[in-house]
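**Q** Could you have a look at this structure, given as structure tokens, before my questions?
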Amino acid sequence: MIESVKTPGMKTHSMLAWIFVPAVIMSLGWGLRGYIGGGPFGAMIPGALVSLMLCVYLRVDVRAASVVVAFGTIGIGIGGNMTYGQTLGLIRVDETFLWGLIGTTTKGAVWGLLGGAMLGLGFVADRMRWRHLIGVIGCLLMGITIGIAFINAPRLIYFSDPLNKPRDESWAGLLVGSIALLGYLRFVQPRSFRLPATFAFYGAISGGLGFGIGSLFLAWQPHVSEAWRWLPYWKFMEFTFGLLLGAGLGSAAYRLRDLLIADETSGKTEVVPQSPASGLIGVLVGGAVVLFVFYVWSRLWLLMFPSLAEITRGSLSMTAADVLTDFTGLGCFMLLLSRRWPTVAWQLAISVTIVAAALDWLQDLHPRGDINMPEQYRLLFLLATAAASVIFVQRWQQSQAARLTSLFLFAACMLMGIGYLMGLGMSDIWWPNPESIAAAGGQWSFLWQTFRGEIVVHAIFMVLFVLSLSACLRERCTTSY
């Protein structure tokens with residue numbers, strides 16, 4: 001755990017800043033997550049951004065921050081395994097409104113609980129013995145498996161549509177896994193319990209409120225006048241969820257700041273100059289991390305255990321196999337590597353997040369924007385994005401004055417840039433149908449009628465992006481982080 005060293009001249013922030021800045025950053029990240037791509041990889045976006053800024057505020061040195069950011073990124077990402085589309089659909093119907101609201105509140109609370117617990121675990125993981133770190137990760141995986149197998153799979157409590165294409169839920173698994181993680185720390189490693197428990201508590205409360213309140217926008221939409229139903233109520237939900245969850249995690253950090261803030265000079269890790277050869281090795285390791293995550297992991301399991309495909313569906317063995325081979329198992333394995341090697345941690349949290357966003361953009365380019373990009377250009381874009389991120393992260397880590405604010409600015413700008421590409425990747429923007437333009441009364445009228453929801457979303461993105469960059473630049477100008 002990071003030692004607390006108070007100094008009279010150390011810059012402090014107001015309570016409002018501790019709450020407001022993470023709230024804005026996570027709202028931006030959560031909006032990008034839903035806009036660029038969902039799932040666990042998409043959920044890494046808000047996890048990476050808010051974890052980075054909390055480390056800046058808490059004056060965490062680069063070596064320790066690598067573990068914190070990796071754990072926070074994966075922890076928020078695992079929550080992305082939960083399905084909630086049909087749960088939000090229940091909210092829009094008066095007869096099922098209350099059950100849908102209970103569902104969104106529950107899933108938001110579970111998401112915040114697990115994300116907060118993992119973020120807090122990142123602050124203590126660097127000081128835990130390996131057997132205890134493996135033990136706590138093992139409890140998480142076992143808890144997730146048990147919760148899914150005995151609560152979600154038999155649908156004892158079900159928040160999706162049981163009749164129309166029912167979804168496989170996992171919220172109970174994540175809940176049991178979070179409790180198992182915290183239980184291990186409480187009874188086996190009590191000295192490491194307070195930080196994960198506090199972040200988990202604040203995350204659960206703010207996540208439940210964020211998703212619950214945010215989902216009310218979708219319940220409200222059918223009841224507004226026709227003239228205003230075009231507004232992006234789904235995005236309002238996402239922005240609200242991220243805003244309140246980020247505020248909760250910021251509140252937890254504020255409460256724990258006296259335990260976590262290290263002296264700006266004594267808490268720093270000295271960077272040892274490295275040779276060009278070591279830099280090249282670092283780049284190769286970064287590329288290997290990206291390749292392993294997106295290509296090797298799933299194939300490695302099938303290569304090692306070819307009988308996995310023959311396991312009976314719905315069995316406990318199948319549930320365990322699914323948990324271990326999907327993002328959850330992958331993320332936990334990578335976190336163990338991140339605890340040992342900072343290069344793996346930074347490439348996992350930043351480069352994997354950015355490459356996943358690039359992949360989502362490429363996958364949505366045709367179905368969403370009706371644009372056919374030649375395969376060679378798709379590959380070129382993906383390789384260029386991956387190379388830019390891997391090389392930047394490695395050179396940043398290798399530099400004599402590595403600053404967390406530099407990495408935050410890079411990640412935020414790259415992810416927001418992909419968000420802009422998503423918005424501009426529409427054939428109707430570049431090659432509109434002349435008949436549609438004439439029917440709308442002109443080109444500008446056509447663009448407004450067709451993309452007015454997108455325009456509102458990007459206006460919100462711009463405000464959140466500017467506020468996030470402003471907060472980061474302020475830290476950069478007033479501190480050495």
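Using N, Cα and C of the backbone, Cβ positions are placed for all residues, glycine too.
The transmembrane segment annotation in TrEMBL covers 12-32, 38-58, 65-84, 96-121, 133-151, 171-187, 199-219, 239-256, 277-297, 344-362, 406-426, 455-473 (among others).
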**Q** Is the transmembrane segment (133-151) packed against any residues at least 6 beyond its ends, judged by a Cβ distance under 8 Å, and which are they?
**A** 121, 125, 157, 170, 172-181, 183-185, 188-189, 316, 319-320, 322-324, 328-329, 332, 335-336, 339
**Q** Other than its close neighbours in sequence, what residues sit by the transmembrane segment (171-187), given a CB gap under 8 Å and a spacing of at least six beyond its ends?
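**A** Residues 78-79, 81-82, 106-107, 110-111, 113-114, 117-118, 121, 135-136, 139-149, 151-152, 156-157, 159, 193, 196-197, 200, 323.
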**Q** Report, as numbers and ranges, every residue of the chain located at least six residues beyond the transmembrane segment (65-84) whose Cβ falls under 8 Å of a Cβ in that stretch; write 'none' if there are none.
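**A** Sequence-remote neighbours of the transmembrane segment (65-84) are 33, 38-44, 46-48, 50-52, 54-55, 103-104, 107, 110-111, 114-119, 121-123, 125-126, 159-160, 167-171, 174, 211, 326-328, 331-332, 334-335, 338-339, 342, 344-346, 348-349, 353, 404.
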**Q** Quickly jot the same-chain residues contacting the transmembrane segment (12-32) by Cβ under 8 Å, restricted to those at least six beyond its ends, or write none.
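**A** Same-chain residues near the transmembrane segment (12-32) but 6 or more away: 45-50, 53-54, 57, 235, 238-247, 249-251, 253-254, 257, 357, 412, 415-416, 418-419, 457, 460-461, 464-465, 467-468, 471.
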**Q** Please figure out which one of 199-219, 277-297, 406-426 racks up the most CB pairs under 8 Å against the transmembrane segment (455-473).
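**A** Going through each listed stretch, the top one turns out to be 406-426.
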**Q** Pairs of Cβ atoms less than 8 Å apart decide it: which stretch in 38-58, 199-219, 344-362 has the most with the transmembrane segment (96-121)?
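**A** Ranking 38-58, 199-219, 344-362 by Cβ pairs under 8 Å to the transmembrane segment (96-121) puts 199-219 first.
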**Q** Which range wins on Cβ pairs under 8 Å with the transmembrane segment (344-362): 38-58, 199-219, 239-256?
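**A** If we count Cβ pairs closer than 8 Å to the transmembrane segment (344-362), 38-58 scores highest.
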**Q** Other than its close neighbours in sequence, what residues sit by the transmembrane segment (277-297), given a CB gap under 8 Å and a spacing of at least six beyond its ends?
**A** 325, 330, 333-334, 341, 343-344, 347-348, 351-352, 355-356, 359, 386-387, 390-391, 393-395, 397-398
